Amino acid sequence: MAGRAARLVLLAGAAALASGSQGDREPVYRDCVLKCEEQNCSGGALKHFRSRQPIYMSLAGWTCRDDCKYECMWVTVGLYLQEGHKVPQFHGKWPFSRFLFFQEPASAVASFLNGLASLVMLCRYRTFVPVSSPMYHTCVAFAWVSLNAWFWSTVFHTRDTDLTEKMDYFCASTVILHSIYLCCVRTVGLQHPAVLSAFRALLLLMLTAHVSYLSLIRFDYGYNLVANVAIGLVNVVWWLAWCLWNQRRLPHVRKCVVVVLLLQGLSLLELLDFPPLFWVLDAHAIWHISTIPVHVLFFSFLEDDSLYLLKESEAKFKQD
């Protein structure tokens, strides 16, 4: 839900710095990369590199130049630490110790676990909630949208490229918009289908325009940040207002209130920007880990609410 907006705030900030952080501006880093590429990334040396590179690295898209940047990053970090300086960032990111082909192992594993939690709860939802429930298809669609977003988050943290970065951003935005759509269905759409259809068309238009602008015109990190914070706030306020309005009549909405408040509180972890512990665990990875139980709680709310709506619609049908 809103936690994805908080995540986009940090990603946008990091990406804005990606073209030049302290570490990659260092002459020792640039000279190291240049020398490494000259020695290893052309002619016979390149063939030798490719012959000894593990197949999983080549399949993940790790090139000779990428390896040079990785090795030179640690050379630079070592010099900084030797001289008593703080650890610098490189291309907008802290230095992470690569594991196999995982560029950011902790965040990649945590993203995978978030996706797994969503999948488990989707299976549970489909098991316990009949298809006849008014919210069934909307909730299932939201689960698949979330799964897709966590898939691309896992891919992005495994291998950061222009494509994986954009897919991570776009899928995160889609989750927030779909959460707003989910809220609209629950609060307005069940009683006013025409309003829901118009709102759905508006959200699709917004998503199409957003992705088209960032893909075809200019990938503007500042605009992306403002857009996602704005829709994230709408998402939070709408869900929270509906929950507080109905908490006495619908006790299960307290789960939704807890989810919204937890996501807002946990998003503060994104403000704790520190070098990775053991070169693996940074604030972003901790945030990813902390959101796993939140997804379980939100899907539990959706399950309770869908069963309530089913019971309500069956009661009305019997009266008619």
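Keep in mind that glycine also has a Cβ here, set from the backbone N, Cα and C atoms.
Under the heading signal peptide, TrEMBL lists 1-23.
For 105-123 (among others), the entry in TrEMBL reads transmembrane segment.
Listed as Cβ neighbours of the transmembrane segment (135-155) (distance under 8 Å, sequence separation of 6 or more from its ends, same chain) are residues 4, 107-108, 111-112, 114-115, 118-119, 121-122, 125-126, 129, 164, 167-168, 171-172, 174-175, 178-179, 181-182, 185-186, 190, 288, 295, 299, 302, 305-306, 309. Look at TrEMBL and you will find 135-155 (among others) tagged as transmembrane segment.
The transmembrane segment annotation in TrEMBL covers 167-189 (among others).
Under the heading transmembrane segment, TrEMBL lists 201-219 (among others).
According to TrEMBL, the transmembrane segment annotation covers 225-245 (among others).
For 257-279 (among others), the entry in TrEMBL reads transmembrane segment.
Here TrEMBL flags 285-302 (among others) as transmembrane segment. Beyond the ends of the transmembrane segment (285-302), by six or more residues, the same chain brings 1, 3, 6-7, 104, 106-107, 110-111, 113-114, 117-118, 120-122, 124-125, 135, 139, 142-143, 146, 153, 252-253, 255-256, 258-259, 262-263, 266-267, 269-270, 276 to within a C-beta distance below 8 angstroms of the stretch.
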